[in-house]
Each structure stands twice: as structure tokens, then as C-alpha cells.
């Protein structure tokens, strides 16, 4: 690519004598700029620029066709005082995050501990448990869920086979539809599990040996050796999974056919944002929603870090 | 890895033979539990596989994962279904987008990572912090102004809004991954190259880039899988069915009800997951390393 340009001759004396610091540094600065050029353009036009623009748009009324009209806090006022659907979407996402993230992490930790002790076939099990993480967010799996949890889908066949009757249409029923999406998310516990497994490998074997000599059984070892030493990893997974869960979109869209139904029971926050911004083209309103989401995620992440000093144990 | 004997507690006073046997039983139990767990985890996928080769009328009446009669009809009908060219066109479109994204990420992220890891420049720490902050930024916050931007230059309805962000190194995750990787590459190599008269560009292309292979492979795998699965951006930017990527096309098979039915829908869903499964089976080592070092999904 830039091979022709790199004929910048290096100081021939370099081998015997270090060149004066300043010119070399300046040259380094100039080439650093070239290396960073794509990133700088991306930062300005794809990340930071739009981030600031969306803050501006959130104070306007804008539909893409006519110029944005400044309306001050009106979008935010509308959201918080006159839009029950906004609260519904917050509640749906809140329930989703609050139920699926802890469950997912619990499964991940349990399986990681279970798989840790040099078990035969480790690679096989790890693959099986990890695979859903790669495909869980895809449209293909969303459609599978849509099929399996539909009225006569596979799940009801199994339950009927077990003797249950009077079974609901899991997706068509507002009481159970969100549950199917939570289940889909919990199913993808493989990626935090692999991170836990890597963390477990860092725990020195001597500690278990010592604990064993002190008479600690497996459960006590787990409680007093594994968990404390793993808290930094638990914290890391928690932060990561929370951020990701707040942004869930595809399964909700695919399973509810883009409606958030039935009765708004799967109206995820991002789905409502999408509906406002890209089907109603109320882009000022959707931008306000975007910033609220950003603040929510920032607050949760900040609280996480704040509380981490009470329970995360750093061994250094 | 810790050896299993370490977990034996001191109170175990049984003879070695007895202990070994109970250990074996314990481990058999464990394997049985794990196998049941594995089947439960894979059940949805296996059921989908089996249903994709089951005659339409039998799909919903059986929860078994063992096929009774095999038919390729679902694949044949599914392959020919869809609007605007259908599945084969969606696959080609997806490949165009994904390959563009992979090349974009490989080039731009490695360039940026080299600058962050090895070069000296003003505001380096600030720039690095901003880059890291980019990892946390939810896409939905910037999606709208980005759309406005792309619309104003007439790029809505093209693949550029999907590929350009990658060419401009906005997947901070991979920049971070590569910076971390470069921290493990000895600086002496750079210095030796400089002593031999190589400039920074030459050092980068002939010394550093080849050494970065593992990080580049991880980046390729995850860029491929994520963008192959990506649904939100294509949904926003692609309106002409002839341009649909596979996820968008698959989703439209339900909404248009183009008469294809459940069997073909599942068959095409299986088809959409095959490239991911292939990547997974052949590059597992890199995937596991990638997640373990950076926490990628």
C-alpha cells in the first residue's frame, strides 16, 4: 500500500549514534498521523460527530425532509410525561436485563467451574456450550424461536408429550412472550463461560491444595478460594453483559415481527427507538431516546465501578 | 490446568483402589450430566436441522430430533423463495458486505493499533481513552445522525453505510485487541528494524504485520460472524429487496408470506448459520483465545 512512500531514509548514522531526539520525534508524529488517519476520520464522522449531532437533534423536531426546528426540552418532556409506551419499553428492557443477565452469568460460572477440573472431552463440551453465543443474535435463530414457541411449535409438542394440556401460544401471549426472549438470551451463556474458564485457570493450584489441607471441602473451596479470586472476572462479565443486554434488538424484532407485541410485551427500548426514528421518522424524538439510553448505560456502568470496591478483590 | 487429584480432601482415608473407583463413578456421573446439558443446549439447533429435512406436514407434529423421512424439498423451495432475486442474491450481497467489512477492519484497525502501541504523538493518551470509550458507546445513540449523514451524501440504499465505518476503524474493539497483542511483541524487533534502516512504514508492513497474524485472524473471524449476523444496520439502510443481505432477506420470508411455508423458512435459517458453524469448527482456537483475552462475544 504505502510502500513507495516509506522510502523516508532513516538516519544512516543510526547504528553508531542515536539521531537527535526532536526531528525523529517529529517524524514519528507525522507518520503516526498517517497511521491514525482512518481512525481520526472515523472518530469525527462516524462516532463523535454523530454523538454530538444526536444531542442537538434531541432538542429539535426533525423528520429528515424539513430542516430541524429547535423545540428545547419538548421531546424529553413528551417522553417523561406523555408517553406511556416509553415507560413500557423501559420496563420491558429492565425486566429483560434484570432477569437474563444474572441467570446467564450464574449458568456461565457454574458450567465454567464444573468444566474446569481437567475433565475429559473438555473441548467438546466447551464448543457445545459456546455455540449458542455465536448464533443467538441471528435472524435465523430468531425465526427458530418464532417457530418453536408459536402455538403448535416444538415446545408445546414436548409439553403435550409430557402430559400437559391447555398450553398457551408462548409468543402470542403477553404474559409469556418476553420470557421466550429472556430464555434465548440465557441460552447464550457460553461467552461469559469461556471468560470465566480463562479466569479459573489463573487461580494457583496451591491455593486449592492449601485449602484442602485445611480441611475445606469442594463447596468451601468454591466459596472461599474460587469466588473471591474470580471477582474481577465476575465484575468484568457483569459490566460487559449489562451493556450488551441493554442494547438487545434483533430477537425482539424478529420474534414480534417488528411490532413489540403482543400488547407491547416485547417492546424493547431499542425497538421503540427504531420505530420512532425509522418508521415514523421522528428523528428528534428518537435521538432523545438514544441519549437517555446512553445515560442509563453510563449510570449503570458507573454504579458498577462504584460498588466494585466493596466486593471485587484484586490480588496485587 | 489443575490435576483432578488436588480436589481430594484430606479426610479421604479409603484405599487407593476404592478411591479411584469412586472417582471414576463420580466422573461418569459428571459426564452423564454434561451430556444431558449438551443435548438440552443443542436441542433447538438439532430440531431445526431435522425439521429442515422433514416434509412440511410433519414438522409441527414431532419434537424428536431424529429424522424419520428425509426430503430436500424444503431447501429447493426455500432457495427459490424471496423477493428481489431471493436467497442466492441475498447470500452474494451478504458476502460483499462482510468481505468489505473484514478488509476494512484488518487494514484500518491494524494501522491505528500500531500508532497507539508503538508511535509517539501528541494527545496520545487522550486519543487512546476516546478510542476505548468508543467500545462502550451504544450504536443506537449515533444511528440517527449517521443515517442523516449518509442520506445527505446519497449513500442510503448502498453498502457504503455498512462498510465505510469499518474502513474508518470505528470497531474500537479490534483496535484494542491489536494494541493488547502488540504489547506482547518485543520492542527490540522495531529497534532492530530501525537500526537496519527501515522507516516506520516498512517496520510496520514487513515486521509487525506478519507477527500480528493471530490478532488479525481473530479480527477476521469476529468481523465475519458479527456482520454476517448483523440485522439492525441493513434494516435501516437497505430498502430495495435486490440489495437485501441474508438476515434481512430471511426476515422478509415471513413478512411477505411468499407462500414458502415453515419448512423452507427453517431450511434457509439453517443455511444462514452454516458459514458461522464452519468458522466455528475450523477456528475455535482463535475464537476461544479472542474471548479469553478481551471478552468479545
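Any Cβ shown, glycine's included, is placed from N, Cα and C.
A TrEMBL annotation is a machine prediction, not a hand-curated record.
TrEMBL lists transmembrane segment for one of the ranges B:60-81, B:126-147, namely B:126-147. Sequence-distant residue pairs (6 or more apart) of the transmembrane segment (B:89-114) and the transmembrane segment (B:262-282) include fewer than 3 whose Cβ atoms are under 8 Å, leaving the two stretches without contact. Tertiary proximity for the transmembrane segment (B:29-49) is limited to same-chain residues at least six positions away from its ends with a CB under 8 Å from its CB atoms, namely 63, 65, 266, 269-270, 273. Tertiary neighbourhood of the transmembrane segment (B:159-182): same-chain residues 93, 96-97, 100-102, 104-105, 107-114, 116-118, 131-132, 134-135, 146-147, 150, 208, 212, 214-216, 218-219, 222-223, 227, 230, 233-234, 236-237, 243, 290, 293-294, 296, selected by CB-CB distance under 8 Å and a gap of 6+ residues from either end.
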